[in-house]
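What Swiss-Prot records for 4-24, 66-86, 100-120, 139-159 is transmembrane segment, and it gives sequence analysis as the kind of evidence. Summarising the annotation, Swiss-Prot assigns N-linked glycosylation site to Asn47, Asn56.
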Amino acid sequence: MSLLLLVVSALHILILILLFVATLDKSWWTLPGKESLNLWYDCTWNNDTKTWACSNVSENGWLKAVQVLMVLSLILCCLSFILFMFQLYTMRRGGLFYATGLCQLCTSVAVFTGALIYAIHAEEILEKHPRGGSFGYCFALAWVAFPLALVSGIIYIHLRKRE
């Protein structure tokens with residue numbers, strides 16, 4: 001049982017790390033050269049000064065929705081980890097971790113929806129930056145976090161507390 005708790009906790013911490021990096025780092029869309037776009041800033045590399053020049057992203061409604069969904073997924077994942085620890089130490093033997101599992105399933109839905117909205121609107125990014133580009137590693141991390149959070153939520157729902 002202690003090995004299972006260790007694995008579930010490690011999986012949850014891995015999901016948290018993936019979500020933090022995916023939400024806060026600067027590579028949701030990479031352009032040719034060293035330029036990249038993220039959820040918060042549009043950054044370009046200035047060769048003359050050897051510095052990054054960043055500006056706020058446009059006021060697209062869909063981009064604001066992706067921002068909100070990714071932050072919501074972080075909050076829900078943190079909440080589910082806190083709930084798991086609370087339930088682990090206060091719940092009676094034989095109890096199920098329904099609240100933790102439900103929060104983690106909501107996390108997976110929020111990540112899925114945010115990444116899907118971003119993928120659907122990739123053509124708008126290409127209109128603004130016609131030089132091309134591709135999805136960055138933060139976008140890929142969001143897609144990796146989705147199935148992990150889904151599996152984690154299902155595991156939590158089926159997990160019983162034993163002594």
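Cβ coordinates are placed from backbone N, Cα and C, and glycine is handled just like the others.
Tertiary neighbourhood of the transmembrane segment (100-120): same-chain residues 12, 15, 19, 28, 62-63, 65-66, 69-70, 72-73, 76-77, 79-80, 83-84, 87, 135, 139, 142-143, 145-147, 149-150, 152-159, selected by CB-CB distance under 8 Å and a gap of 6+ residues from either end. The separation of Asn56 (N-linked glycosylation site) from Asn47 (N-linked glycosylation site), Cα to Cα, is 20 Å. When secondary structure is read from DSSP and collapsed to three states, Asn47 (N-linked glycosylation site) falls in the coil class.
Remote same-chain residues near the transmembrane segment (4-24) are listed as 39-40, 70-71, 73-74, 77-78, 80-81, 84, 88, 104, 107, 111, 138-139, 141-142, 144-145, 148-149, 151-152, 155-156, 159 (criterion: CB distance under 8 Å, separation of at least six residues from the stretch ends).
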